[in-house]
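Participant: One structure coming up, written as structure tokens, with questions to follow.
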Amino acid sequence: MLGLGTLAKKVFGTPNDRKIKATRPVVAQINALEEEFAKLTDEGLKQKTDELRKRALDGESLDALLPEAFANCREAGKRALGLRAFDTQLMGGIFLHQGNISEMKTGEGKTLVATFPAYLNALTGKGVHVVTVNEYLAKRDSEWMGKVFAALGMTTGVIWSGQPDAEKMAAYESDITYATNNELGFDYLRDNMKGELSEVYQKQHNFAIVDEVDSILIDEARTPLIISGPAQDRSDLYVAIDALLPALSDDHFELDEKTRNVTFTDEGNEFLEAQLVARGLLPEGQSLYDPESTTIVHHVNQGLRAHKLFQRDKDYIVRDGEVVLIDEFTGRMMPGRRLSDGLHQAIEAKENAQIQPENVTLASVTFQNYFRLYDKLSGMTGTALTEAEEFAEIYGLGVVEVPTNRPIARTDEDDQVYRTAAEKYGAMIDETKKAHEKGQPVLLGTTSIEKSEMLSQMLTKEGIEHNVLNARQHEREAQIVAEAGRYGAVTIATNMAGRGTDIQLGGNVEMKVLEALAENPEADPVELRAAEEARHAEEKQKVLDAGGLYVMASERHESRRIDNQLRGRSGRQGDPGRTVFYLSLEDDLMRIFGSERLDKVLTTLGMKEGEAIIHPWVNKSLERAQAKVEGRNFDMRKNVLKFDDVMNDQRKVIFNQRREIMATEDLSDVVADMREQVIDDLIDEYMPPKTYADQWDTQGLYAAVIEKLGIDVPVIEWAAEEGVDDDEIRERLIKASGDYMESKAADFGAENMRNIEKQVLLQTIDSKWREHLLKLEHLRSVVGFRGYAQRDPLNEYKTESFQLFEGLLDSLRETVTQQLSRVRMLSEEEQRQMMAQMMAQQNQAEQAAVQAEAVAEAKASGDARPGFVEDDPSTWGNPARNDLCPCGSGKKFKHCHGRLA
């Protein structure tokens, strides 16, 4: 019997069905224009772009221009790439233009889909950013789709780390710009450390199309982008604390695997206190609960987390004496990416690796808040429906499931649940042997390096040739993925999420052609391609006859979305395929979420060793467990966002203020207002309202005026005059300080003084903002404990961070006024010293930004510039004079190797 909800859907259709139905008339309009646009010459396509641009600038809506723009873009794609967009691809493009997430399955041509809304929205002249997860994809897509945009008379740019300034500026000024999420975020932070408006890369945030949107906006959401500088080295403390931790027993701490949290018990605190005192790390008589113990307690807690929550070869690997993190979602290494708050140092101490010093934050932003800067945001992915609530609540994005061009022919089987992990892996190997014997390609998905290598050993023992794709084999990634769909191929892979390369049945024909050309460079490329394509077609047919790609997963992930991504590797473009999850009661997800109950059921059923339970009910209960984990992770991300929103409001105020200062030629009025507010504060402090003259602290005011305003005026005598009140003294101070600053401007020249005011303002804002970020970090780390006193940590954080922000503004006014009052003409020697100091500071900031971005990009792709060797200047290309030197010194090229040029 049908439920009411199911019955209603049958009658009225789902919301998704209605959205699809609404686009069909628009798609019909585009198709009706196809013949007309096919008659246009190549120049005619570009002229059409000019016409559409003019109509957009004259006020015609983009929705009205959409059919013609999409028809023009489709024709350009046919001519430039030989690819004609399907109706489903046009639908995906329409949903992207409307500011939605288009869920399109693997192999449905998302890269081409992005060209349609990108072209339409670029007609306004405000630029479009197409965002990818790594540099390889950004460069590949910009080069590939750039041909379509060139045929339409539009410019395309690509952003990459270490790019020369002039090249990067030109890329941002292109109609369509391809970039990684990391590079965009770091450029935004860098822009807000610049001194001139002309140096700013990102002039506006108009429209962004985010590829693999779930990976960027959800998996990466809690990871802030940070530009940082070195702090004090405390490696001895980490080593000393690490030596204590192996002596802990199980009753000294409580481990909660569900929430990934570990805390000391009362017995643990007593044990620690005694040990810390005995080793001289805690003064005699001082308790761990005393405010003075905050730092030591923080380091001890991080040490405990390093030992109990972070596992080698699952969360990180140790390579060449360095701790390298592993991305839990993609299984990729993240060289240079470091955990914050001393946690990374605690892991380094645990592994006896070299302990790198902690860093101080110079600027930071989360992807959640960066991408919400855009006027319009959209995204593409193969798996978004399970996270639709989060996309709607945090980003205001709807999710639309776009139908596939051909029906999915893949078979998704029910999970097979075994009692033990050994039984599960044995069953996987047996099934792999059967598939391998008939030539069916097999992809074995695992959740950690350790498990992938264990499966590899089992396959080797059985004499089955195979490839392993995990963080250790990162360099061979593209080649391994390209071969995974070949006849008889067996591939073991840690999380396949976001790999960016399709597994094509019969292998990747383009890669085969390139390999054949490399082996036989004298051959005719056309003949060679034809021969390879014929061989590929034959091999593909053999794979299809064997049943297509067989995906076996060794564990359910915490997120259904990652499971769906793994399933989606099979059955692309209507190909046949098969997927099954092999599980055991010893798996993390099963163990944490109620495997005891299932174990009793299996015992009651009298299951024998090696037998599996296969039933849709098991799938349902597992999906409920996953939904619980997803819900908890969503709540955690929401909570992080609530706190980051507080800082984000302040960040926007400061960054907007910087932009205004850079854009304003004459800041003398701003500086004068600041000076007057400082004088108001001095009067209120030393001559409080509603007090008599004999209660005024005139000596204190006299000293403060000299210190803050740089003028020596007879304040004490003024105060002694008959009938003088605080307002009179305020006016006299405003006039005296104004006259003093005008005389300075006359000495320096008005233009020089205006430049000095701008530089002092910008430098002071930057230094005060850095101090403020540190205070907010400290506040954030302790405010959670207010919950024990029945006070809401978020409200406490809002209140105190606002007070800190008010303090920042007061301190900013005071410092700017004080510094400008002390400005004087420098001798030539002093000028030389100051220039050297400024150059060193600028180099340090640039080096910090470059290191941070290199770290992030290494995490995303590990791609290096082809042929680039750091020690070989002949491989550097043509660096601009103001770029950082490619040798890695951190100096500008003109001050390093460029001096020799």
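Just so it is clear, glycine is given a Cβ too, placed from its N, Cα and C backbone atoms.
Copying in the features that Swiss-Prot gives for the protein in this structure:
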type	residues	note
BINDING	Gln89, Gly107, Glu108, Gly109, Lys110, Thr111, Asp502	ATP binding site
BINDING	Cys885, Cys887, Cys896, His897	Zn(2+) binding site
REGION	856-875	region 'Disordered'
Participant: Would you mind listing, in sequence order, the residues at least six apart from Asp502 (ATP binding site) in the same chain with a Cβ closer than 8 Å to its Cβ?
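Facilitator: Residues satisfying the criterion: Thr106, Gly107, Arg572.
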Participant: Sorry to bug you, but what's the C-alpha spacing from Thr111 (ATP binding site) to Cys885 (Zn(2+) binding site), rounded to the closest Å?
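Facilitator: It is 34 Å, counting Cα to Cα.
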Participant: In Å, how long is the longest CA to CA span across Gln89, Gly107, Glu108, Gly109, Lys110, Thr111, Asp502, which the record gives as the ATP binders?
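Facilitator: Comparing all Cα pairs, the maximum is 17 Å.
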Participant: Provide the three-state secondary structure of Asp502 (ATP binding site) computed with DSSP.
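Facilitator: Where Asp502 (ATP binding site) sits, the three-state DSSP reduction gives coil.
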Participant: Given the binding-site residues Gln89, Thr111, which one is most crowded in terms of C-beta atoms within 10 angstroms?
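Facilitator: Highest number of other Cβ atoms within 10 Å: Gln89.
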Participant: Using all protein chains shown, find which of the binding-site residues Gly107, Gly109 scores highest when you count other CB atoms within 10 A of its CB.
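Facilitator: Counting every other Cβ within 10 Å of each candidate, the maximum falls on Gly107.
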Participant: Over all shown protein chains, what is the count of other CB atoms within 10 A of the CB belonging to Lys110 (ATP binding site)?
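Facilitator: That number is 22.
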Participant: Using other CB atoms within 10 angstroms as the count, which residue among the binding-site residues Glu108, Cys885 scores least?
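Facilitator: Relative to the other binding-site residues in Glu108, Cys885, Cys885 has the fewest Cβ atoms within 10 Å.
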Participant: Near the ATP site, what residues other than Gln89, Gly107, Glu108, Gly109, Lys110, Thr111, Asp502 in the same chain have a C-beta no further than 8 Å from the centroid of the listed C-beta atoms?
Facilitator: Met104, Thr106, Leu112, Val113
